[in-house]
Amino acid sequence: MSPAALSKKKGLKSSLSPAALSKKKGLKSSKGPPKKKQKGDLFTEKRPKKADISDDSDGSDEEVKELVNFDGDEEGSDSGSDLLSGDDDPLADDFLQGSDDEEEISGSDSGAGSDGSDSDSDDSDIERKSRALDERRAREEKDAEEELQTNIAEESDEFRLPTEEELEIEANRPPDLQNLQRRIQEIIRVLSNFKDLRQEGAKRKDYIEQLKLDLSSYYGYNDFLMGVLIEMFPVNELKELIEAFEKPRPICLRTNTLKTRRRDLAEVLLKRGVNLDPLSKWSKVGLVVYDSQVPIGATPEYMAGLYMLQSASSFLPVMALAPQEKERIVDMAAAPGGKTTYVAALMKNTGIIYANEMKEPRLKSLTANLNRMGVSNTIVCNYDGRELPKVLGVNSVDRVLLDAPCSGTGVISKDESVKTSKSLEDIERSAQLQKQLILNAIDMVDANSKSGGYIVYSTCSMMIAENEAVIDYALKKRNVKLVPSGLDFGRPGFTRFREHRFHPSLDKTRRFYPHVNNMDGFFVAKLKKVSNALPTVAAAEAAESIEQAPVSGEKDAVESVEEAPVSGEKDVVGERVGPSKEDSNKKNNAGLKKQAHKNGNGVSEPAADKRKERKFPFRKEVPRKAEIIKAREEKRQALRGTKRKAGGSK
């Protein structure tokens, strides 16, 4: 039998329904043995494939006839049961057999055609589906283009500021955050290309004021702090900075090199389920923690003092200080001890560290961390930092670390209350305290130290009044100079800000921002003491040209000059070193006489007085303070005299 005939047989067999199959079985049982034998012969006799192919056409025709007769008998039994009620009728069988032959022939003809029609129909279905997909894609693109054109038509490219009426309506309603965010983005876009995108008749100041209001409302800042940040940063960078303040900074660890190495510590913590990596290339002891299955501040390693939980920005002042072994170092604001223990580790527990903390409740955490970390070269003291020169002595130490108390505007991610709690008065108060502290820090350092003579000043503040203005003030009041901090990253400090001009060397200071360095906002400056002598006339001349940050006015300048040690004044304790007031006056008079002699005509007294007033704008306040000091000294001497007389009489 040919393959085509076999496929036709299978097609005929598969076309039978279950009901027809059951009827076939009934018909088989009613027929005689020869019929069963014929069926058995048909299905049991198998011939090799080659034999089937080599058979002549007569043999194949006989097999086809037998198959047709068998199928015809089965189908005939079905139809015959309906017509003759189960009686065998040879005529009916012949009739049905003939009809089966016709169906087979027609089926064979239509079978070949159906194969082709099926393939054609499959191709047509694929084409139809592909065409439908193309049409749907084109329809979607058309709809998107129409929607875009509609949006462009509804919102023109020219952004318009809200009117006063709209602002009043917004003020009486809960803040619409989506509208605020959209308006912030639009204002930033306009300010980035103000010449082409600005609204007709609108000024840059109007956009800045609206941006300030929207940012304050959206992020929860007060007007003062937002106004200062807008003045310091471009609008694009300002938004990045504010968004960075909304996210927490990474958790960092500092390895205690007095007890272990960073590699060994990392291996132990990884076994405890802590996911960590080295902090950065600039630190050899830092680790950054991504997540932990155990409390990172309560592991046995932490209790044993193998590491310290410390922010990455707190590494920077100690790295800038670069302490050496066997030195005398002062940490003026030491609690809770992160920087002090780092200094002790770098010194390998040699030398002496004076860890000072003014607030007594914080001494507990300081001493606990020192003991836990195995520090043995530190003396803890509880003094006001402004009194330390009297306690430790002037020109008595090699290096001083002053991490000054500040407004905390660089650590908003840790304390969000800073957004609304800080005001102009707070910044002024902090700046005034910082100026006093840095002068006393400089006084403690010995300029003749073989290995030291350095002062590192740092804050976690973003304010220029607490950073560059304080350093500029110290440069004018003491014989110090700025030196590179040794930190090769971070942005240089401001040398000019709005109408203020600072010393050009302030570009050696370093600023760190959360949106740039992924750490808290920080400021670091390193000073080198040039001479132990105090400036004399230069200090008064510098007072005339001193440039304060925006938060400082004339009142602050007067107070700072009054509180700063004045050359020629004698301190209450008698430790102030410098020429007396009479000597300075004699020098000034001698200089005037020489100048008059050179001119030949001489200088009139009124002109000399005017010159004095021009050079010393605070001349009137200085004698007043000298008189007060003199009166106090006379009173003390009188009291001492009375005590001596009383003791002698006894």
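Note: Cβ is positioned from N, Cα and C throughout, glycine not excepted.
Automatic prediction, not curation, is the source of TrEMBL annotations.
Here's what TrEMBL has on this protein:
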- 1-162: region 'Disordered' (REGION)
- 22-38: compositional bias 'Basic residues' (COMPBIAS)
- 39-53: compositional bias 'Basic and acidic residues' (COMPBIAS)
- 126-142: compositional bias 'Basic and acidic residues' (COMPBIAS)
- 241-530: domain 'SAM-dependent MTase RsmB/NOP-type' (DOMAIN)
- Cys460: active site, nucleophile (ACT_SITE)
- 547-650: region 'Disordered' (REGION)
- 568-586: compositional bias 'Basic and acidic residues' (COMPBIAS)
- 607-637: compositional bias 'Basic and acidic residues' (COMPBIAS)
- 641-650: compositional bias 'Basic residues' (COMPBIAS)
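Remote same-chain residues near the compositional bias 'Basic and acidic residues' (126-142) are listed as none (criterion: CB distance under 8 Å, separation of at least six residues from the stretch ends). Per DSSP, the compositional bias 'Basic and acidic residues' (126-142) is made up of 17 helix, 0 strand, 0 coil. Cys460 (active site, nucleophile) counts 23 other C-beta atoms within 10 Å of its own C-beta, drawing on all protein chains shown. In this model, the domain 'SAM-dependent MTase RsmB/NOP-type' (241-530) carries an average pLDDT of 95.
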